[in-house]
Amino acid sequence: MIERVRTDLYRIPLPTRLTDSTHGAMMDFELITVRIEDSDGATGLGYTYTVNHGGAAVATMVDKDLRGCLLGADAEQIEKIWQSMWWRLHYAGRGGHATSAISAVDIALWDLKGIRARTPLWKLFGGYDPVVPVYAGGIDLELPVADLKTQADRFLAGGFRAIKMKVGRPDLKEDVDRVSALREHLGDSFPLMVDANMKWTVDGAIRAARALAPFDLHWIEEPTIPDDLVGNARIVRESGHTIAGGENLHTLYDFHNAVRAGSLTLPEPDVSNIGGYTTFRKVAALAEANNMLLTSHGVHDLTVHALASVPHRTYMEAHGFGLHAYMAEPMAVTDGCVSAPDRPGHGVVLDFERLGRLAVG
């Protein structure tokens, strides 16, 4: 039985200024942590994040709206608790803050389940292969070409064997020149992806895809807004590229509709905003049923368990906004891969003493 729920909010400065085509400059991110303690004293940890804004709203949803779904509930009945949270928040918001709040709780519940079972989550989820290929997600739209190459060299030195860069500069020629320079720097066979962060119109995305065709991109991510299913389906048909998307699809139904419409070819859920492991695994099943590979967005220390448990995964995104500095045992990248930890639960241990100096409110 769940006895205690603790929610904390932290504002964590980013190691460097990050920029993409839609969100502008990012100077910090907000980390929302949820700790759930059962009557036997075991505690599960979950977390989600926002960039620059919105963290207080997520934390408040957990504290004021979801706490009632948790206290006194059987922590083993995760699906039942998930449904209770979903319908409690359904009218207030079916995505964004609502599913981020649900995610943090759901992740904590699964962590608690793994801890009590003394089993890592990737095994609890069925187990496939703990070694997962990763790519370095650069948030680098404003970097000059020389710095872009330096960043790539740093990624390579850190063990990465695949890289994603940002596109969506005001002039398409700038994007072409930057991608060309990095492709030449990395070599023709190196897996290189690009992310437009929804910057382009449908016609603009098709023009950009054709202009970038010579560089043999592994995929193009979020070429336009995900809400335009018809437009994205046209991009899929006419671009000649694999089209990834999902960080802004926040429900199972969003992914179902996108897959049914043919508006993406590579689903990319984020376990910290999709509704936690519970929904992520349903999206994984949806992808498998439609003969699609599966990637992910963000929080790779958590995501690795979900991808290590399925056969149809491809490269997992690895970026943590500097959160590794506050982890006891962050995952290391070796020859382009990370290994899911064998510790019970998800195995992430945060240094709350250090984080305490960054607490908000």
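Cβ coordinates come from backbone N, Cα and C, glycine included.
Note that the coordinates shown come from a computational prediction; the quantities given were computed from them, not determined experimentally.
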### Task
Can you match one of Glu142, Glu174, Glu221, Glu288 to the Mg(2+) site that Swiss-Prot gives for Asp195, Glu247?
Glu221
### Task
Starting from the Cβ centroid of Asp195, Glu221, Glu247, which together make up the recorded Mg(2+) site, report each further residue of the same chain whose Cβ lies within 8 Å of that point, ordered by sequence.
Lys164, Ala196, Asn197, Glu222, Ala244, Gly245, Glu268, His297
### Query
Non-local Cβ contacts of Glu247 (Mg(2+) binding site) (under 8 Å, 6 or more apart, same chain)?
Glu222, Glu268, Pro269, Asp270, Asn273, His297, Gly298
